[in-house]
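As given in TrEMBL:
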DOMAIN    90-273  domain 'Phosphatase 2A Regulatory Subunit A helical'
REPEAT    14-52  repeat 'HEAT'
REPEAT    91-129  repeat 'HEAT'
REPEAT    168-206  repeat 'HEAT'
REPEAT    207-245  repeat 'HEAT'
REPEAT    246-284  repeat 'HEAT'
REPEAT    285-322  repeat 'HEAT'
REPEAT    328-366  repeat 'HEAT'
REPEAT    367-405  repeat 'HEAT'
REPEAT    406-444  repeat 'HEAT'
REPEAT    484-522  repeat 'HEAT'
REPEAT    523-561  repeat 'HEAT'
Amino acid sequence: MAASDSAGDDSLYPIAVLIDELKNEDVQLRLNSIKKLSTIALALGVERTRKELIPFLTETIYDEDEVLLALAEQLGQFITLVGGPEYAYFLLPPLESLATVEETVVRDKAVESLRAVAQQHCPSDLENHFMPLVQRLAAGDWFTSRTSACGLFSVCYPRVSAAMKEDLRSHFRALCQDDTPMVRRAAATKLGELAQVVELEYLKSDLIPMFVNLAQDEQDSVRLLAVEACVSIATLLPQEDVDQLVMPTLRQCTGDQSWRVRYMVADKFTELQKAVGPEITRTDLVPAFQSLLKDSEAEVRAAAANKVKDFCQNLDKTHQENIIMTNILPCVKELVTDPNQHVKSALASVIMGLSPILGRHNTIEHLLPLFLTQLKDECSEVRLNIISNLDCVNEVIGIQQLSQSLLPAIVELAEDSKWRVRSAIIEYMPLLAGQLGREFFDEKLNTLCMTWLMDHVFAIREAATLNLRKLVDQFGAEWAENTIIPKVLAMSRDQNYLYRMTCLFCINVLAEACGSDITTRLLLPTVLLMANDKVANVRFNVAKTLQKISPHLDQAVIQPQVKPILDKLNVDNDIDVKYSASEAIAGITALG
């Protein structure tokens with residue numbers, strides 16, 4: 001008897017521990033216990049999880065948002081722990097409670113888990129258990145439950161009876177007309193998703209009127225979300241229906257009094273273009289795009305400017321060049337001198353992409369003057385965006401057309417007071433070197449690359465070091481020996497120990513790129529000399545460099561030249577130098 005009592009106590013133990021931990025004052029302990037729920041469910045078995053654990057969790061949902069969020073996430077992964085898809089409906093009560101709480105993040109996670117659980121329901125369970133839940137949430141007194149309901153319609157709609165579908169559409173219509181803006185926002189967000197699963201006849205008869213109403217809502221936060229739904233709906237409709245049912249509303253959104261709605265139209269413009277097709281694009285979207293590029297709000301102009309290249313690329317090939325030259329290019333010319341730097345910067349990041357579309361003649365005649373204007377812009381970001389996209393132009397007209405204007409722009413960016421701008425131009429240097437050729441580079445840009453190695457910001461010196469490696473990869477070891485290495489080795493004698501260290505960092509990257517002969521003949525003697533440096537930090541880096549370049553050295557010099565220097569550094573007064581030297585000795589021995 002005693003044994004059976006003890007067995008009974010053992011079986012209750014997991015629940016008892018969970019109850020204790022969930023009542024503990026420490027939030028972290030409660031959070032940890034929720035994260036261990038799956039272990040507790042495994043210990044209890046599927047039947048007791050359904051009959052004891054899930055009801056207990058349903059009754060005790062009142063806690064910190066962090067704990068509730070973890071619970072909502074856990075329950076979405078609980079299907080196998082309650083006995084598989086046929087028992088999935090047991091998870092609905094606690095998730096329903098979580099879908100009504102005040103904290104948005106918790107509600108969203110509960111809806112995500114409910115959607116996952118709904119996928120596992122068979123059609124009969126969906127109608128008997130999930131549908132009533134959706135109806136209760138959609139008709140709830142608090143807006144929180146109604147906003148959560150919006151995310152559940154699309155997941156159950158395809159798999160229920162016609163009568164139930166009718167009921168779902170009716171509930172969704174009510175949510176689209178809800179008194180609370182938050183609910184209408186949630187409905188507008190999920191309208192496109194529901195449109196994907198609704199039959200075409202009901203899309204036209206039920207959902208499009210909802211879309212039209214939302215797009216005319218008094219709150220601009222609702223209207224801008226209707227623009228997203230517009231993309232989904234237009235994709236699903238035949239061409240003639242798009243013209244009649246969607247375009248009037250889209251035209252209205254393009255000229256909306258709220259800049260946020262117009263911004264959303266500009267942001268989604270290329271998606272809309274693909275959805276409505278080439279004919280409507282030509283008749284409706286081209287004028288709309290022109291008006292967005294000329295919008296009074298800079299944010300809208302910037303969003304539209306960002307889409308210039310993609311919009312032009314997606315135009316119908318038979319009319320593409322004509323539309324760009326007649327309608328788009330005049331607007332682009334105005335934006336090049338826009339008073340707002342964000343607009344100019346957005347345009348500069350895409351304008352070069354028009355070159356391949358318009359071809360050599362139009363690029364030279366119409367685009368080149370614009371590029372040259374932007375290369376002289378007062379805003380460094382504009383100049384940088386032009387330089388970073390040079391490859392598009394290089395393919396069409398060759399970079400020589402731009403080289404004379406490029407140089408002043410590159411030099412100015414290289415000396416910009418903001419170190420991030422200097423860093424960005426360093427990144428593009430290998431690309432420029434490849435496009436401008438070795439001769440131009442040696443004549444105009446080589447000195448610049450060496451100057452960066454002496455920059456006062458470490459991040460720039462580091463980027464310049466890596467840049468050298470890329471240049472050697474491009475121009476070859478012989479070029480490095482004649483052009484770069486003498487200047488790098490000269491830094492080993494600089495008064496400033498930081499530049500002497502930069503010399504070592506350069507040797508680290510050049511050794512691999514230049515190969516054994518140059519490393520042994522030119523780079524190693526300098527490193528060995530620097531072992532006598534008076535600054536410990538330099539000596540410490542000498543040991544590290546010797547270890548790093550040793551695989552690229554002629555092995556015959558390791559014992560007579562490298563080993564004695566490392567042995568000397570191994571008895572240095574500075575503890576860090578000694579440590580680096582011992583590491584280097586061990587590393588080289590392992591190689592040998």
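We number each residue from 1, going along the chain as drawn.
Just so you know, glycine gets a Cβ as well, placed from its N, Cα and C.
Taking Cβ pairs closer than 8 Å, the repeat 'HEAT' (207-245) reaches residues 169, 172-173, 176-177, 181, 184-185, 187-189, 191-196, 198, 200, 252-253, 256, 258, 260-261, 263-265, 268, 271-272, 274-277, 279-280 in its own chain, all 6 or more past its ends. If you look at the repeat 'HEAT' (328-366), the same-chain residues 6 or more away from its ends with a CB under 8 A from one of its CBs are 286, 289-290, 293-294, 298-299, 301-303, 305-313, 320-321, 373-374, 377, 379, 381-383, 385-386, 388-390, 392-393, 395-397, 401. Listed by sequence, the residues of this chain that lie at least six past the ends of the repeat 'HEAT' (484-522) yet keep a Cβ under 8 A from its Cβ atoms are 446, 450, 453-454, 458, 461-462, 465-466, 468-469, 471-473, 477, 529-530, 533, 535, 537-538, 541-542, 544-545, 548-549, 552-554, 557. Nonlocal intrachain contacts for the repeat 'HEAT' (406-444), taken as residues 6+ away from its ends with a CB within less than 8 angstroms of a stretch CB, comprise 375-376, 380-381, 383-384, 386-388, 390-391, 394, 399, 451-452, 455, 457, 459-460, 463-464, 467, 470-471, 473-475, 479, 483.
With DSSP classes pooled into helix, strand and coil, the tally for the repeat 'HEAT' (207-245) is 33 helix, 0 strand, 6 coil.
Sorting each residue of the repeat 'HEAT' (168-206) by its DSSP state yields 31 helix, 0 strand, 8 coil. Remark: secondary structure over the repeat 'HEAT' (484-522) totals 35 helix, 0 strand, 4 coil, with classes taken from DSSP. Averaged across the repeat 'HEAT' (484-522), pLDDT for the predicted model comes to 88.
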